[in-house]
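See structure below.
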Ligand SMILES: Nc1ncnc2c1ncn2[C@@H]1O[C@H](COP(=O)(O)OP(=O)(O)OP(=O)(O)O)[C@@H](O)[C@H]1O
């Protein structure tokens, strides 16, 4: 019952809805008693041969009115209770979605997307079932079960009632225990199916690797193993399912046997009439569902409870990026003063950045270079406020970036990572993602600056061409340029390109950098790159080594220093003149 207590806030808020739901159920139950009783009376009249056409018409009239009223009552409880449940699911779904949107990178590092999706779908459905099916099972078992039992005792015979209903609680027990087993088995069968799906997807996606490494046979054997597993689990599920229905039929049969044996004797000895026995048999049938309901109620509550706890646990996870309620709401502008003494990722001891400091006046360009894992992206993650926990300060326009509201701060930044997420939408839809009302001219300007315009005009439907799963697939370099155009349309104060030109050939890169220089005059740009040609024109270049700045200066100054930068630059120039780009 604890789940009902936990959801009390909701039932309280929706008490009107649920009140009408229960009234509807009560009316349905009361009206349900009438038809069997009338049929019994008709049987008695026929038995005594006193049935007249008038009485028959009257009986049919009452039955018709009852059926119409029952229809209305059913409509009432169905709309109230299912509507209430749907509202709860919507409320929780919105809360969870909003919460996901607020969470920081560390949260997404802790939880896998698949698990979060499972919470947002399966768990919320299980909670919804408590507010719909659960309430129905609870009210139905008490209301329908109770009224039918009372009717049986009052209108027929209490001894017969006790004997006839004796086997019925077994339905509740079977529904509870076999029901749980079936549920678990279904869960396993679904999991097996999704493992099989994942395996198939992975193999198809990785087919080239599998073939080049000659692993087809091994992969086939793996797949065969998974298929066998899935079949075994499904067989067991079917076995349990096949056991369930016949067992219920046997229990109901026992009840009918008891009714016929004792009821028949009562009829012959004149304790009850034949019509009462007929009424009674119909009532026995009406008790089956409430018994099921009791059994299922425990399962619904147990699952709902566990799911509610899991969802609540997620909802209570705090983001380490804390919004100041009185944070600065004006867009962030001005010089960036980055002064981080030490930063380590959550749950890690080793600092990934140490003593990194730079000052980047508005309108300047900063280049960040260095080996793989040197800390380039870590600097950017701090600038993006993906992590707020570090020693030191990062300021923009003289204010600590943590003093801005997230919205005001993030809106000032356009960020393009190496692999951008693109939506399955048109080229235009992707570029205009931040502002669907952008004019075609703005979109084309952005595409031009990102050197993507010529290719778009060659696409089948130009800017309306669908990309992604259902449309054309773009090359790595095209994706990067589309992502740059998407970032440019917001005309950000600070544009951050994190290795976002890596898949673009050297000539196109030069074109983009040149156009960026013109388009973004007076705005700040940060470029992290492996290819040093991306940063040669920067006002300052930082060379990162193991989380600290090992060299710094302009291109000319760094060349003069004769260190890692010069060696790397010469080496890349040489391979460029031999190889060329990779777009
Ligand atoms: N989210 C994270 N959690 C824990 N460690 C991380 C995380 N992100 C990066 N690291 C570690 O921090 C170090 C610096 O990584 P970072 O991504 O900043 O390097 P980088 O210079 O950008 O590398 P690349 O050139 O490959 O992009 C690496 O050792 C990396 O493994």
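Just so you know, glycine gets a Cβ as well, placed from its N, Cα and C.
Unlike curated entries, TrEMBL annotations are predicted automatically.
Small disclaimer: the values here were computed from a predicted structure and weren't measured.
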Subject >> Matching range for TrEMBL feature annotation, transmembrane segment, among 280-298, 299-317, 318-336 >> reply: 280-298
Subject >> transmembrane segment range according to TrEMBL, out of 56-77, 78-99 >> reply: 56-77
Original post:
In TrEMBL, which of the ranges 160-179, 180-199, 200-219 has the transmembrane segment annotation?
Top reply: 160-179
Original post:
If you check TrEMBL, which stretch out of 225-246, 247-268, 357-378, 379-400 is marked transmembrane segment?
Top reply: 247-268
